[in-house]
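Participant: The feature transmembrane segment is assigned by TrEMBL to 12-31, 51-71, 78-94, 106-127, 139-159, 171-190, 311-333, 345-364, 385-402, 414-433, 445-468, 488-509.
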Amino acid sequence: MPFENAPIQPRVLALVSAVLIAVASGTPYVFSIFAPQLVKQTGLSADQAATLSTALSLGGALGGLPAGITIDSLGPQFASVLGGLLTAVAFYILHKCYVDANNDVFLLMVALAISGFASILSFYSTIKCTTANWPHHRGSAGALPVAAYAVASLIFSYVNVRFFKDDTAGLLRFFYIFTPCVCIGCAYFLQIVDKKKHKKAPKDRNTAVGEQDPLLRSGSTSSLFGTGSPNGSRRQSIARIFSLWGTPRSSSTLSLDQMQRPLVQLPKHVRADSDAIYVAVEDTPVFVREGSPIWDHHLTKAIFSRVFFKFYLILGFMMGIGQMYIYSVGYIIVVLKQSDPNSKLSVGDVQAVQVSTIALASFLGRLTSGPISDVVRRKLNAQRIWCIAIAACVMLLGQYLVTKINSLDALTLPSFVVGLAFGFCFGTFPAIIADCFGTDGFTTLWGLMTTSGLLVVMQMTKLLAYTLKKNSDDDGVCIHGAACYSETFVVTQYMCLAVILFTLFTIWYNHRVFLRSNR
């Protein structure tokens, strides 16, 4: 039966379960809550304590690809259960080390790495389920678990203050019981509804335009991750994805002849790397020879296509810039406090406010990104990537504000702007990836995409550290306010500008190809 006629109740239950699992999976955000007490209890040095946060980050970042492969191969239900069990193991180890004052750094690093991997394993399974179950509302549905994951820090901070104040052991015990119970208990409902029936549905004259979203196609498959008619596979992008802003609204259905007409007939003599049409350029292998055995794999076709590299670069810069500020806001607070010693605000209080502000803004950005991107695509008939261009503009504003604010009181403004842009970008991209590459291999690709910001954030944090050191005295004190670190954020402003221009070029290029393909 057509997917849009699938029972609504199982899909709603799956969506609610996805939100609950996403909240329970937000354990990396609580590291800052128990980390100081854990370090003090186990007697770790400052250098050893720094390795713990690195292990947690690497577990989440480097685990993205294996998590995606696991979800695509074994399903979101299995991944959610496995993520819950691994979280239980990780927090049990942390609890045991805390109670016994065990300062085995390697064991603590392993536990935190497992925690990071388990978190994204459960979290990515929710994104996979929501994007597959709601193909016509991918942005809105996918934004809910993404936003829930971001707001987990606020929820768990409240839980800590309300129920586990000065009881770190109890908090760690709570996580190795609560998270697996939610992930395992809700996994039963985390199912992709009627997936097999949907794949077998015949392509008739009333097949809806939006039923099949993948943008990249091969000559013999309906998407990079499925099977189907070779001719009907080119139809989805022509109405919405390639328009510069919008296209005239048309009927919601296409005839069989229209559906089966190829986007463009490519002459045999035209090289695959020609810029004559979109398909020839964007679906051309990069670094891999077309026709080789490895090129026959559907994931290889996606990963080594040029459109994937475009999105990888855009997301990498946006994630790196946002995460650099999030990770470094503590240093900014210290500098502003040193520059204004008469301020009555304490560093700890200001840091708590900034962390909460960033979390709230990121939540709002992720929550609103889905509906807005759906409106942009389905109502305005425009490319969803316009939302990324807007997010980059907002991020540019945030980076500019950081260089102009010299007061602890006013730092909340750039924190909110940066958090909003970061959340809006991160909430929009899953739907873009699903639109382009389909949902069957979605989490593998999304897991790989999320590694894109690692290099950027590492280099930018090093640049910030260098800038602060250069502008500080021998005691490491800088009293010049925003001037102490403004050089770094001038660089990030240029990076944001580059992202904006590159994104606009991509939009223009897609529109140009759309026009040429319809001559």
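Using N, Cα and C of the backbone, Cβ positions are placed for all residues, glycine too.
Heads up, TrEMBL stuff is auto-annotated, nobody curated it.
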Participant: Out of 106-127, 139-159, 345-364, 488-509, what stretch is closest in contact terms to the transmembrane segment (385-402), meaning most Cβ pairs under 8 angstroms?
Facilitator: 488-509
Participant: Determine which residues of the chain contact the transmembrane segment (51-71) at the Cβ level, with the cut-off under 8 Å and only residues 6 or more beyond its ends counted.
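Facilitator: The answer is 28, 31, 35, 38-39, 44, 78-79, 82, 105, 108-110, 112-117, 119-121, 124-125, 128, 442-451, 454.
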Participant: With the transmembrane segment (311-333) as the reference, which stretch in 12-31, 106-127, 171-190, 488-509 has the largest tally of C-beta pairs below 8 Å?
Facilitator: 488-509
Participant: Counting Cβ pairs closer than 8 Å, which of 12-31, 171-190, 414-433, 445-468, 488-509 has the most of them with the transmembrane segment (139-159)?
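Facilitator: Stretch with the highest Cβ contact count: 12-31.
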Participant: Please identify the stretch among 12-31, 106-127, 171-190, 445-468, 488-509 with the greatest number of Cβ pairs below 8 Å relative to the transmembrane segment (414-433).
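Facilitator: The stretch I would name here is 445-468.
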Participant: Grab the same-chain neighbours of the transmembrane segment (171-190) for me: Cβ-Cβ under 8 Å, and only residues 6 or more beyond its ends, written as numbers and ranges.
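Facilitator: Sequence-remote neighbours of the transmembrane segment (171-190) are 10, 13-14, 16-18, 20-21, 23-25, 27, 30, 33-34, 76-78, 80-81, 83-85, 87-92, 94-95, 98, 122, 125-126, 129, 159-160, 163-164.
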